[in-house]
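> Copied straight from Swiss-Prot:
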- ARG100, GLU158, PHE205, GLU206, GLN207, PHE208, GLU209, GLU315, PRO316, SER317, VAL318, GLY319: substrate binding site (BINDING)
- 190-192, 200-205, 275-276, 319-322: ATP binding site (BINDING)
Amino acid sequence: MAQVYSQEVYVQYLKRYGFVFQSSELYNGLANSWDFGPLGAVLKQQIKTALYNFFIKNKRDVLLIDTPIILNEQIWKASGHLANFTDALVDCKSCKLRFRVDHLDEQIKSATQWNPKQVNCPNCKANNWSEVRDFNLLFQTEIGVVNSEKRLVYLRPETAQGIFINFKQLLQLKKRPLPFGVAQFGKSFRNEVTPGNFLFRVREFEQFEMEWFCNPQASLSVFESQQQAIAHFLFKVLQLNPALVKQYEYDKNELAHYANKTVDFLFQFPHGLRELWGLADRGTFDLEQHQKYAKKPLDFFDGENNEHFIPAVVEPSVGIERLFYALIVSSYQQEQLEGEMREVLRLPFHLCPEQIVVLPLVNKLKETAQTLFEALSQTHWRIGFESAGSIGKRYRKADAIGTKFAITFDFESLEDQAVTIRERDSLKQVRVPIKELKAWFAQHDDQSH
């Protein structure tokens, strides 16, 4: 298995190079809140672009929508979130810390399985627990200006419900057959009582969710198709290390209240093997619930078989921050090179925040190298320019932030109009004429995945 470092290694690395840092740091921070810096914001955007290109772009049976964070509060009643979206928590009476029951014992799938006599507090080692209590994870807020007219609403805990409530409109808009998918990117919010483990569990996060509407008899076929698609995306597009990923199918007694079948793609994060991407057969639960509460029909008419039915839903759901974190863990390595520690981020070329960097060998060549940088900046590639420091230190920085190719503009370049290209992973160097650079990079672009 590839080496997985401690969480602190990744936190410090990402902060050092401006990928991710503590949010509100000027005011001593806010727990479990993170800002994406210049490199992190670009990498996050490239992950979203890769998701869009693979799952949505040019797919005749997939639609992309964008719905609000605040929805009619009745939606959360219909979906079951008001009643069921809770964590079972206990307090250690000795040290006053609060824990999720399922985090104290991973064998526990429901609060009814909790046996306090068998578990000691991980902080103070005492065995002095409070009663189990359920805490709802929905963030509450109000809309309205006048106090007497204010209305209680919730920040969405998932993007899925915004898709379900638009099913009929999308169906009528396109008159499309089943199955078809609807995708959405967007922020979601969960009032996690015990968030933590860096980007893995935060209160505000971005999701990519798809809802595949299908005939209930075809849901297994759709499920298996999406399972294969997720695996392809993780291993071929993001190029995650397969040794760090495991698929886990839930037993019947582990399933969420809405699910008929669930498979999680688990990833070896620093704190353990945890969920990266969930795939669930939600059955007909969602549309039936919204039909019941809205009192409006959400059925589908199958003209070929002359029958009406409520479609089943198959849902792939992933958090962008978790994908980001997994990509860093899978790609980041520390190794010895020429007696020094080399940090390298082995990202696929299409994901690199900075794909190519232009490096003048010395300051005297800076102006001419700048002309080359400006020419390459007219292409679709993400180009950087670095002139400060020795060429060796600039190579090290480029490796650390994942830059795939470094172009060195030296004194010979003035004479032969060629430059040296150094490849990040193999460290091989090749001399390429400047006039052929665009063609050379086009040949080495992995965008065709």
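All positions are counted from 1 along the displayed chain.
Every residue gets a Cβ built from N, Cα and C, even glycine.
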> Are there any residues in the same chain, six or more apart in sequence, whose C-beta is under 8 angstroms from the C-beta of GLU192 (ATP binding site), and if so which?
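Expected: ASN32, ASP87, LEU137, ARG201, VAL202, ARG203.
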> Can you give me the Cα-Cα distance between GLN207 (substrate binding site) and ILE320 (ATP binding site) in Å, rounded to a whole number?
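Pair distance, Cα basis, whole Å: 6 Å.
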> Compile a sequence-ordered list of residues in the same chain as ILE320 (ATP binding site), six or more apart from it, whose Cβ lies below 8 A from its Cβ; state 'none' when nothing qualifies.
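Within the chain, ILE320 (ATP binding site) has Cβ neighbours under 8 Å at LYS44, ILE47, LYS48, PHE185, PHE205, GLU206, GLN207, PHE208.
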> How many whole Å apart are the CA atoms of ARG322 (ATP binding site) and GLU209 (substrate binding site)?
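Here the two Cα atoms lie 14 Å apart.
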> Should ARG203 (ATP binding site) be counted as helix, strand, or coil on the basis of DSSP?
coil
> DSSP secondary structure for ARG190 (ATP binding site), reduced to helix/strand/coil, please.
coil
> Of all the binding-site residues given, namely ARG100, GLU209, PRO316, VAL318, which is spatially nearest to LEU276 (ATP binding site) at the Cα level?
VAL318
> Using C-alpha atoms only, work out the spacing between GLU209 (substrate binding site) and ARG190 (ATP binding site) and round it to an integer in Å.
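GLU209 (substrate binding site) and ARG190 (ATP binding site) have their Cα atoms 16 Å apart.
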> Taking each of the binding-site residues ARG100, ARG190, ARG201, ARG203, ARG322 in turn and counting other Cβ atoms within 10 Å of its Cβ, which one has the fewest?
ARG100
> Fill in the CA-CA distance, VAL318 (substrate binding site) to ARG190 (ATP binding site), as an integer in Å.
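Approximately 15 Å lies between the Cα of VAL318 (substrate binding site) and that of ARG190 (ATP binding site).
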> Determine, to the nearest whole angstrom, how far the Cα atom of ARG190 (ATP binding site) is from the Cα atom of PRO316 (substrate binding site).
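About 19 Å separate the Cα atoms of these two residues.
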> If you pair up every Cα among ARG100, GLU158, PHE205, GLU206, GLN207, PHE208, GLU209, GLU315, PRO316, SER317, VAL318, GLY319, the residues annotated as binding substrate, what's the maximum separation in angstrom, rounded to an integer?
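If we measure all Cα pairs in ARG100, GLU158, PHE205, GLU206, GLN207, PHE208, GLU209, GLU315, PRO316, SER317, VAL318, GLY319, the largest is 26 Å.
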> Cβ distance under 8 Å to PRO316 (substrate binding site), same chain, sequence separation 6 or more: which residues?
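Listed in sequence order: GLU209, MET210, GLN226, ALA229, ILE230, TRP277, GLY278, LEU279.
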